[in-house]
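Below: one structure, written as structure tokens.
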4 protein chains.
Amino acid sequence: MYRVAIVGASGYTGGELLRILAVHPQVEVSVATSREYAGKFVYYAHPHLRGFYKLKFKKLDNPDQLSEVVGDVDLVFLALPHKVSLHYVPKALEIGLKVVDLSADYRLKRLEDYKIWYGYEHPYPDILEKAVYGIPELYSEKIKGAQLVANPGCNASSSILATVPVAAEGLIDLDHLVVDVKVGSSEAGAKPYRGGHHPEREGTARPYDASGHRHVAELEQVLREFTGRDVKVAFTPHAVSMIRGSLASAYSWLTRDVSELDVQRAYAKFYAKKPFVKIVRGAPMPYPDVKNVYGSNYAEVGFAVDKRVGRIAMFAAIDNLMKGAAGVAVQNMNLMLGLPEDEGLKYLVPVRP
Amino acid sequence: MYRVAIVGASGYTGGELLRILAVHPQVEVSVATSREYAGKFVYYAHPHLRGFYKLKFKKLDNPDQLSEVVGDVDLVFLALPHKVSLHYVPKALEIGLKVVDLSADYRLKRLEDYKIWYGYEHPYPDILEKAVYGIPELYSEKIKGAQLVANPGCNASSSILATVPVAAEGLIDLDHLVVDVKVGSSEAGAKPYRGGHHPEREGTARPYDASGHRHVAELEQVLREFTGRDVKVAFTPHAVSMIRGSLASAYSWLTRDVSELDVQRAYAKFYAKKPFVKIVRGAPMPYPDVKNVYGSNYAEVGFAVDKRVGRIAMFAAIDNLMKGAAGVAVQNMNLMLGLPEDEGLKYLVPVRP
Amino acid sequence: MYRVAIVGASGYTGGELLRILAVHPQVEVSVATSREYAGKFVYYAHPHLRGFYKLKFKKLDNPDQLSEVVGDVDLVFLALPHKVSLHYVPKALEIGLKVVDLSADYRLKRLEDYKIWYGYEHPYPDILEKAVYGIPELYSEKIKGAQLVANPGCNASSSILATVPVAAEGLIDLDHLVVDVKVGSSEAGAKPYRGGHHPEREGTARPYDASGHRHVAELEQVLREFTGRDVKVAFTPHAVSMIRGSLASAYSWLTRDVSELDVQRAYAKFYAKKPFVKIVRGAPMPYPDVKNVYGSNYAEVGFAVDKRVGRIAMFAAIDNLMKGAAGVAVQNMNLMLGLPEDEGLKYLVPVRP
Amino acid sequence: MYRVAIVGASGYTGGELLRILAVHPQVEVSVATSREYAGKFVYYAHPHLRGFYKLKFKKLDNPDQLSEVVGDVDLVFLALPHKVSLHYVPKALEIGLKVVDLSADYRLKRLEDYKIWYGYEHPYPDILEKAVYGIPELYSEKIKGAQLVANPGCNASSSILATVPVAAEGLIDLDHLVVDVKVGSSEAGAKPYRGGHHPEREGTARPYDASGHRHVAELEQVLREFTGRDVKVAFTPHAVSMIRGSLASAYSWLTRDVSELDVQRAYAKFYAKKPFVKIVRGAPMPYPDVKNVYGSNYAEVGFAVDKRVGRIAMFAAIDNLMKGAAGVAVQNMNLMLGLPEDEGLKYLVPVRP
């Protein structure tokens, strides 16, 4: 039985890690930290986990306490805010832990990108270089050997899963690529704020960060790697009226006269033997729907060609807390620990309706 | 007091017409027809209207009965299915009625478009020529003199309101125009069907008609008129988890180096003195939200420029049953009857939260 | 044109007062106060009201500033927290204003009840005596002559409207009266908090304050007045997954063998000529539904007799922000100012679906 | 590996059986029938199950085909409509299958109850006698030895779990027992109908069947068994705005001066070693919430005493499709097959938020 720690376990991502690992056959959570709930049982933050854990949240105030608080585990999940995780990662590596970092602090490869998107100078370029971006459908071999995995952003994940197979084949006009994401309220985390207050959020459909959203940097980085050229994406997330789900709708123009079958083959080849990607096509539902992956680590991927316009629409639907955060984090953990990629995740059949 | 009839009054659009006209100061509904509810009080179909009407639904089986059933009114709203309305319009005009037709049967100008988008040969090209497309923000003068107004589709309305002011100014690359619409469940009407069943629809976010949606023909027609050239739009509607609302998010690339202020001026000029369009910008909410227009005839219009990418996002949010159907139908009626454009509509302040 | 002020106008109740009064034919809002939004336009707090007001929020820090800030108005709405309103009321009366107080501070008649339910000694027993409890269906004559109206709690309103007509006729066993209320998220106000965070509140159905909720004191007070005896009610509110609405389901046992028609007559007699109460019975929907009154000042009232058990169920559905707060406040204002009871409210036809 | 069949597998209950059994370690579904989807893959009816089954729906038109279609399985789930299941049960027993019947046809013990509640004369009194009512928390020993288990109604289950432990101890006034249930839209099944159409159902809170709901017969039968006397319950279900969940709020008056601790002990004793019942009390959430059991087989049970009134409120929250239907059906199956009670169910940690 492997032992793991979750640092910052009282938020929604921490809660989902606890939910998944509560029934993981080969891993157990031996430490969960929370400053707000320190000393309380984990069900104080996550009432649905009553009965699944006897664990109490521990307090962890700074990276120097990591060794003492987290102790002797095999791997640590850092579910901390951006810029906070930044300094925990070096310490965790130093004491020999494998790390899955759920913040954005080690996702980007180019130092200058941290200044542009996050407004700080990255203090650990050496560690950055070793970090592996954690989308197993793209980088499973690297993840297996990694000490540090930077878990991706949820909207980046859906966008990447939708576009990369087609972009990598050179099928689309990379100078004109639009991504429109629809995302649920849990994306913003467990902390109450005005825009997430139920009467404000329910029934809404509105864009946000429309002049530039940080997750686009992850998408552009991956596209750069898979196409060998710089790509700038017109990216806009939207808050819609649901709790979970990230649906990426990407649009571009076809570079040549390809058939729908060609497109389908591109996806099928790319996602061959990937246990959590379902390519959706034809009856009964021709396109992905976030509802079909609710509560699970699965992604639905699909597309449509509008021949009249020469346009392709590429879609991916995920559960933002699962395949977009905690689910993929456990998938990464499995790879890092040498376990089967889907261990503890295949039980989580989507809940629908 | 003007008298109007509503043919096909048991659906959601008919219900909203009844709701609005129940308190219109200068118009009363003297006839409402429904085959399903014939002989029953209107509150059988619309329980919230109990107490507002003593009216019973009349039966109307075919266009020949129109004169007898509808009788002596000033204007008739046809809220009938596509292809059914087609044959009621000539009969209504023949007996001297002004007509607001809420179907798609007289919206398009080019005969060939009916074959392409609706699969039939239009039998009344002469009448088609006289029909005025009913978006008052674009065609108010024509509407004032019209005998027949073709009320626009809801997703066409939001898309047109978002894009035309900027397209007409030549600010965007018309060869690369994407429209991504998010729409509520009421758009599909009152008739139960599997995809609209509550357990199926609530919590969903999924594209539909992604290979080509009919409403794009209306948008392209208007863009052609305002830009003087053919435009093909990459258009994709999405079902999201709400009852009402159509949010159009349109994306294109700027043709030249324009400032955000230039864009704002283009909108401000276009919508000057238009009582139902609000240009949204800055605090407290920088972009349109369907929640802000719920239950009303207002449209919120806004935009964002992503300078890094050279991209502009253009947004419009409407209530699909109001500004997207019954509300704009009453606005058109007001103009046709010589009443103030906002008569009976300005009372309908949006309900939020 | 009458002029009114709204003190505490940035919350949901304040927002609804502004929405209603924006189109009231005989009343205008000349002052709106908010500490949080002082100096900002009212649409900062209420984005849907953009375009309806040029008004900016004023600052009002304590009762002594009332005269200066509120100035020369005919009536003031106090939409302040409990215990804060307490001290504004005497000051407002002193400077000659009519007052509709939306807090709980003047709702109860017995001094000891403030200790029991709100934990304080009421400092103004004289004023308390003059306050009229603001349910116009019960006390319209008193309200007409009142200087101070204590606007009822939303769950108290639905419970009172459901039960009093039947209780007053002696039809039910007052020793066994249960009230189970289902209420929307807006009831808790505009301030974000954990239980009202969208991911926490959407999809929920849970009781709260199950050992005793304050609104029961209002219900028991009214029942005492209408039955001439002390009544203790088993009262439990529930948070359910909607924004608006308060549905009271009250249960008791019939004292004698009454027919459904007898019950219906009791309601019909009690609510004769009450413009905002609809008695619901038979097709198409046999019982009240909050959906049928959404956004309006209407109440649906209905009942069912289970002969097998000898039980009667009494229901009332209201919009908690309207008939449960701002709507009834305007109805009270109309009566106090000598205007028609439904002035400015009859336009607000419920929005459904 | 045990093999089971699901007859009527295209509805929501059938879908949940398939979801659960897809990952059950000791049971596999070898046959699933559906008339509507006969010949199609199971994911046609259940798009989220794409990838989990290679199975196609088989056709089964009448009980005589049962042997041929279902073949050689260990147990059959009948997820058929009431009155249809009636005739499948004898046939299934005849060919030696164990049966979990999810209809109401074998739930009631007294023959006359079928006339009263379902309007038919029960044709198989002998089989009825052998049927065991399938609430394992009450009847696990009988279920272990049963050939036929009648799976309970969802609202009956929540009501029974809430009330029986306290009623059995003689703590409440059985002459005055009220049950008010709030239930999600999936309860009515997968077939579209007007009241379940998304625009009609979302945002609603309304009672239904308020003059007498069939599930009360199950509750009264169980209370009769556990108290030794006839009990008539005032029972009213309510449709609220969510997909899943059944929350029973039961109210009665205490027969003697018991402390909250006494009540808690009654529950604790009754549910000792019951793996799927959680007694909820104190921080962080003092009462059950359907949100805490979403997607799982768990039940939350709790209570509140209002000393002022002498009233007790008893609550139980379940997922109506899981603990209220398919989950408990698998729990019953486990017992009938001699497997651990929670086999295949403990993985299903509730999804929240």
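Every residue, even glycine, has its Cβ placed from backbone N, Cα and C.
Nobody curates TrEMBL annotations by hand; they come from automatic prediction.
Here is what TrEMBL records for this protein:
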ACT_SITE  D:Cys154  active site
BINDING   D:Ser10, D:Gly11, D:Tyr12, D:Thr13, D:Asn320  NADP(+) binding site
DOMAIN    D:3-146  domain 'Semialdehyde dehydrogenase NAD-binding'
REGION    D:189-208  region 'Disordered'
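Taking a C-beta cut-off of under 8 Å and a sequence gap of six or more, D:Ser10 (NADP(+) binding site) has these contacts in its own chain: D:Ser34, D:Glu36, D:Tyr37, D:Ala45, D:His46, D:Phe57, D:Ala190. Taking the C-alpha positions, the distance from D:Cys154 (active site) to D:Asn320 (NADP(+) binding site) comes to 5 Å.
Residues 10-12, 15, 45, 236-241 of the same chain lie 6+ residues outside the region 'Disordered' (D:189-208) yet bring a C-beta within less than 8 angstroms of a C-beta in it. Contact annotation for chain B: of the listed recorded positions (D:Ser10, D:Gly11, D:Tyr12, D:Thr13, D:Cys154, D:Asn320), D:Tyr12 place their CB atoms under 8 A from a CB atom of that chain.
Secondary structure at the residue listed as 'active site', taken from DSSP and collapsed to helix, strand or coil, is helix. Those recorded positions from the list D:Ser10, D:Gly11, D:Tyr12, D:Thr13, D:Cys154 that have a Cβ under 8 Å from chain A Cβ atoms: D:Tyr12.
Around the Cβ of D:Thr13 (NADP(+) binding site), 27 further Cβ atoms fall within 10 Å across all displayed protein chains.
Around the Cβ of D:Tyr12 (NADP(+) binding site), the number of neighbouring Cβ atoms within 10 Å comes to 26.
Per the record's binding annotation for NADP(+), residues D:Ser10, D:Gly11, D:Tyr12, D:Thr13, D:Asn320 show a top Cα-Cα distance of 17 Å. Counting residues of the domain 'Semialdehyde dehydrogenase NAD-binding' (D:3-146) by DSSP class, helix then strand then coil, yields 57 helix, 25 strand, 62 coil. The recorded positions under consideration are D:Gly11, D:Cys154, D:Asn320. Their Cβ neighbour counts within 10 Å are lowest for D:Gly11.
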